[in-house]
Amino acid sequence: MAGPTLLKESGPREVFCGLTSIVWLHRRMPDAFFLVVGSRTCAHLIQSAAGVMIFAEPRFGTAILSERDLAGLADAHEELDRVARELLQRRPEIRTLFLVGSCPSEVIKLDLARAAERLNDELQGRVRVVNYSGSGIETTFTQGEDGALAALVPLLPSSAERQLLLVGTLADAVEDRLIHLFGRLGIDRVRSLPPRQSTALPPVGPGTTVLLTQPFLTDTARLLRNRGATVLTAPFPLGAEGSRRWMEAAAQAFEVAPSHVATVLDPLMERARIALEPHREVLAGKRIFLLPESQLELPLARFLQRECGMELVEVGTPYLNREQMAEELALLPEGTPVMEGQHVELQLDRVRDSAPDLVVCGMGLANPLEAEGIATKWSIELVFSPIHGIDQAGDLAELFSRPLRRRQLIHPGLHPTQPDQPVHA
């Protein structure tokens with residue numbers, strides 16, 4: 001079957017680590033605390049990414065591994081237990097404590113699973129302690145959420161009741177809107193993972209139909225299947241088309257009449273089309289290069305090409321689960337280069353050679369590329385922004401049209417990298 005050209009490369013990477021996901025997870029579950037076991041670098045990353053004031057009481061922190069810990073001269077397990085006890089004594093509102101591994105803790109083989117088990121025995125149910133890895137040694141930053149949710153799956157109560165389970169963190173307002181729309185479709189029992197309170201874990205079992213809201217939850221999906229749930233394969237809810245197909249997959253699973261689906265969703269699609277028009281005028285015909293970082297690249301590429309008229313130079317993704325992404329791959333134009341993995345130097349060479357109008361990349365690459373005259377969009381901004389659902393299609397398109405509008409105001413009529421070449425019409 002014709003489709004995109006799937007390629008693979010390996011080499012040096014330029015990505016954030018999984019600790020970054022704590023920034024949105026701690027906001028999602030205000031009764032949870034994320035204790036990173038890592039270095040001062042880990043602490044600086046989380047503090048900077050979250051933008052928390054120094055006098056605030058954040059719901060995350062770092063148990064810093066000292067040189068004595070790293071050299072094996074001190075018992076890091078005893079010190080970790082002491083820090084956890086002091087934290088829980090000072091913050092009695094904590095109901096779930098996540099022990100989050102990092103590159104340093106993995107290098108010295110610190111067993112956080114054992115630490116969580118010891119603390120659970122000691123606390124006797126007063127606080128639930130779970131662990132997962134946020135290390136960036138072999139993963140990218142969004143996989144931190146996959147690790148956190150995968151750690152919760154064994155704790156979910158069992159139930160055979162018929163329900164729809166939305167898996168993946170969404171902005172509260174976006175989630176409320178989607179649940180409202182599912183209710184209008186006749187799907188009334190809708191739950192979420194992660195929940196808004198860490199103790200209100202949704203049940204799972206043979207009657208559970210799972211709809212992933214994010215494309216980077218591979219391990220969580222596998223564990224939910226092992227619990228008896230059915231995980232639907234559908235395009236992800238980015239853009240109007242993807243969001244509609246995503247909701248239609250749930251409607252089909254719950255045997256909702258297609259005519260009723262059309263009655264509910266057609267007016268929303270028309271509103272989205274109108275909202276997209278001013279951004280499509282800017283984006284249509286422009287060439288975009290997506291570097292791998294967030295694993296949102298394939299759904300974004302599909303949206304930008306099919307709904308905004310952009311030309312895909314190359315679509316990079318850190319990892320490609322072909323089964324989970326089958327619906328997205330099927331919607332990409334034939335011959336589109338989809339590159340799994342990264343050799344950052346080679347990819348930057350291809351960026352310079354292809355001279356795209358816009359590059360989606362990590363913060364570490366954005367400023368150097370901007371200095372070379374190449375317009376960029378931070379991929380991490382797409383993770384923090386409320387972009388899911390039909391209603392958000394216009395806002396999603398604006399995130400890409402804004403840097404091009406800004407560049408045209410600064411250099412009207414000029415190509416981003418070749419001043420003697422006109423901007424694509």
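Including glycine, each Cβ sits where the backbone N, Cα and C put it.
Residues annotated as [4Fe-4S] cluster binding site in Swiss-Prot, with sequence analysis given as evidence: C17, C42, C103. Classification of C103 ([4Fe-4S] cluster binding site) by DSSP places it within a helix.
Of all the binding-site residues listed here (C17, C42, C103), the one with the fewest other CB atoms within 10 A of its own CB is C103. DSSP assigns C42 ([4Fe-4S] cluster binding site) to a helix in the three-state reduction. Annotated [4Fe-4S] cluster site C17, C42, C103; additional same-chain residues within 8 Å of its Cβ mean position, judged by their own Cβ, are G18, L19, G38, S39, T41, L45, S102, P104, G134, S135, G136.
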